[in-house]
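Here's what Swiss-Prot has on this protein:
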type    : residues : note
BINDING : 167-222  : ATP binding site
BINDING : 297, 311 : Mg(2+) 1 binding site
BINDING : 311, 313 : Mg(2+) 2 binding site
DOMAIN  : 134-344  : domain 'ATP-grasp'
């Protein structure tokens, strides 16, 4: 008997369109598997209302939300649409960024007592905030590019103090980032103190916490991981950016691969570099209690060869140009089998969680 799978995508996020593209790739894989009854749920970008669709398309069709059935969640009872309980067995959230990758949707599904693909609340929340994640990773002795962080309140309380901290702790150039945002949105490189104020205030349009890192000339290496207690780390890949300062949003989604962007899988690394990257990826995955999947990104400094952890993505992209699935495929795990494995990991994780003692015991 087929399981009922809900594929959630869209979301109130700057990464809404990327989520829709990722969902389409997964939807095709689910159709190919022919093992699940698929319930596509689209989250409206403006209102955050959940709607039940018949299918997923690419590019997304103009969705007339006025005629779509709304999805309602009733904790302890079920997920409903058109007054019918959908009896969902597992949820695949493909909502990138805010409310999708930050533990929010994972928390909702935990309250609903429904298995959810990917990391849980804690792993998602920590990984999504680049600043707090780096503070924690320091305690695991993971190498990081020098950084500082601050809240909007502190910045407007004393801008000169913040700029002095940047100058003394990091020097220039630096890279300015919103702490909670993906796909390199809102990120800029400041080469002098004359630019830093503008770029900080630009980043504050996206988040209340800002991360500033020393900018280094580096290779960008990515590493795919899947599994729960027993994990598999795939051969890392490299993103070579030719006409951009770094792998920003335009480079990721506005450029045809092969022109200005080259994907090398596997990345050409020294043996010691490869072993270090896999070791750090393993430590991050285990210490942050990640589950199901993650893509862990690294810098390899061009001058010294030193390795630094960049960031962790608990819901990596699944578009046709996304590295996560490409790295898995290179090592022999085809896309539809990857999707099937991720679903099985969600069931395993759910079963393990239910084994714990509760108040009834």
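Yeah, the Cβs are placed from backbone N, Cα and C, and that goes for glycine too.
Between the C-alpha atoms of residue 216 (ATP binding site) and residue 297 (Mg(2+) 1 binding site), the distance comes to 15 Å. Looking at 174, 181, 216, the binding-site residues in this record, the fewest other C-beta atoms within 10 angstroms of the C-beta turn up around 216.
Among the binding-site residues listed (297, 311, 313), 311 has its Cα nearest to the Cα of residue 167 (ATP binding site).
Checking each of the binding-site residues 297, 311, 313 against residue 188 (ATP binding site) by C-alpha distance, the shortest gap belongs to 311. When the binding-site residues 195, 202, 209, 297 are compared by Cα distance to residue 313 (Mg(2+) 2 binding site), the shortest distance belongs to 297. Long-range Cβ neighbours of residue 311 (Mg(2+) 1 binding site) (same chain, at least 6 residues apart, Cβ-Cβ under 8 Å): 127, 130, 133, 296, 297.
A sphere of 10 angstroms centred on the C-beta of residue 209 (ATP binding site) encloses 19 other C-beta atoms.
Cβ-based neighbour count (10 Å, all protein chains) for residue 167 (ATP binding site) stands at 14. The candidate set comprises the binding-site residues 202, 297. Of these, 297 has the most other Cβ atoms within 10 Å. Long-range neighbours of residue 195 (ATP binding site) (same chain, six or more residues apart, CB within less than 8 Å of its CB): 188. Fewest other C-beta atoms within 10 Å: among the binding-site residues 188, 313, that description fits 188. Within the model, the domain 'ATP-grasp' (134-344) shows a mean pLDDT value of 91, rounded to a whole number.
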